[in-house]
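Read the structure below first, then the notes.
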Amino acid sequence: MTYIVCRLQQGSTSARISGCPIFCKLELHCPCLRKCKENAGFAVFVLVMIMDLGEVIAQSTWGGDGSSLAGLTDFWVFRFLLNILGYASIVIPAAILIRYIKRSNFLERSAGKGCTYNVVKACVYGTADELPTTQLDSEAPAPSPSRFPRWAILIFCVVGLQGSYLTWGVLQERIMRHEYGGTEDEPAEKFQNSQFLVFVNRILALTIAGIYLSLFRQPRHGCPMYKYSYASLSNIMSSWCQYEALKFVSFPTQVLAKASKVIPVMLMGKLVSRKTYEYYEYVIAALISVGLSMFLIAHGPDDEKKSTTVTTFSGIILLAGYMMFDSFTANWQAELYKYKMSSFQMMFGVNCFSCLFTSAALLQQGGFIEAFSFMFRHQLFAFHVFLNSICSATGQMFIFFTINQFGAMVFVIIMTTRQALAILLSCIIYAHPVSIMGGFGIGIVFLAMFLRVYASHRMKQKKARQQENNTGVKV
């Protein structure tokens, strides 16, 4: 560390950057790069200070030699910073290039010719201005008639969603919270690299989306490709926080935290957007808060002996990060859908950038070598990862199909039931102790969620009847 700081003080970092011919050429056209070059030494100096702080925290947390790489990489904040640096190695150059293309009027100078023009237009500007107005303003097509009865399709959707996501949840907990090996030939060890799990899930989803797009006709794509990167970044960070949180909290706690996402959404809507809510929404938020609090403060009678699950402050921070990033992803994707793309186009675009970002971070951190070595040592882990990715990808397809066939209301009911079954299944398989008070807390949370679905449906019916009475047109 001291050597790096001394070299920075001598200006070696700035000199190396200045010696790069590509950087010098871009610097002539983009004044912001000159400022980046001047601050490069300071930025790396700050990184060194963060690493030193991580060493101190690791030493105080685990004891022993905190400066060891193993102890430092066990600290989730340090791993998060490494991931951010990996993403930044792609985001920052891409942002500079996009800014340069827009400021230099590249499209006007290239006169609309050549492969480079088409690539730049699709990635930076999009083709929404070339789409017909009828396509831009049209709604999603209605589900095509099926030769199967509606009840059979509904059962198919329920079984697909429940099977995919219940298996996915069980495998998540198995991979992140339990050891592999433990025999005479294989020492017991846990898998620590959450980024690799996110990568495998995304690359399989990308493959499935690509196959679907190549087989079935889709709306003409008009969204600038780079806009998918915002949803992609928030999506992979929410998934990373979700996996990391399982190291600190139990799976039932994680599921209940997801169910309580309505509370921060309402708070932010009230404070930031000055939104108003119905009275029943405040009652439901209060019920969820009470139920979640009852579950968190309850301890089973044999909790200290049988369970290693400890709800820590780190777990709470990671769950909060998951909810924050996930909320941004949903809102940004809603904005992208204004381009009238299909769900599989969205799936392909977001997962394409997700694979790019996660692979860059894994390559820089040596994550691929670590993960594949773990796979070769523990074949059961490789099977679990592959099955986990299949469940994640098929679950996404069942989401699109269910919403297309039956609408959002039926989908919400199915997924709410799935969360309750996931907690029950986790407690049975992994023997999580739940006290009577904790069980009541779980029941209150899911009762509130079903009341929310019912009340929302009733309010929509009431508004539709009022509109029908006012206009005389059946809605």
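Positions of Cβ are set from backbone N, Cα and C atoms, glycine also.
Note that TrEMBL annotation is computational and uncurated.
Summarising the annotation, TrEMBL assigns transmembrane segment to 42-60 (among others).
Per TrEMBL, transmembrane segment is recorded for 80-101 (among others).
Taken from TrEMBL, the feature transmembrane segment covers 151-171 (among others).
As annotated by TrEMBL, transmembrane segment applies to 196-216 (among others).
Packing against the transmembrane segment (279-298) from elsewhere in the chain are residues 252-253, 256-257, 259-260, 262-263, 266, 311, 434-438, 440-445, 447-449, 451-452, 455: each is 6 or more residues past its ends and has a CB under 8 Å from a CB in it. The transmembrane segment annotation in TrEMBL covers 279-298 (among others).
What TrEMBL lists as transmembrane segment is 310-332 (among others). Only residues 6 or more beyond the boundaries of the transmembrane segment (310-332), in the same chain, are considered here, and those with a CB under 8 A from a CB of the stretch are 76, 230-231, 234-235, 237-238, 241-242, 244-245, 247-250, 253-254, 257-258, 261, 264-265, 268, 296.
Here TrEMBL flags 344-363 (among others) as transmembrane segment.
Within its own chain, the transmembrane segment (383-403) has Cβ neighbours under 8 Å at 157, 160-161, 163-165, 167-168, 171-172, 174-175, 197, 200-201, 203-205, 208, 343-344, 347, 375, 410-411, 414, counting only residues six or more beyond its boundaries. Annotated transmembrane segment per TrEMBL: 383-403 (among others), in sequence order.
Here the transmembrane segment (410-431) has Cβ contacts under 8 Å with residues 154, 157-158, 161-162, 165-166, 169-170, 173, 177-178, 250-252, 255-256, 258-259, 306-307, 399, 402-403, 442, 446, 449-450, 453 of the same chain, all six or more residues outside its ends. Annotation comment: TrEMBL describes 410-431 (among others) as transmembrane segment.
Annotation comment: TrEMBL describes 437-455 (among others) as transmembrane segment.
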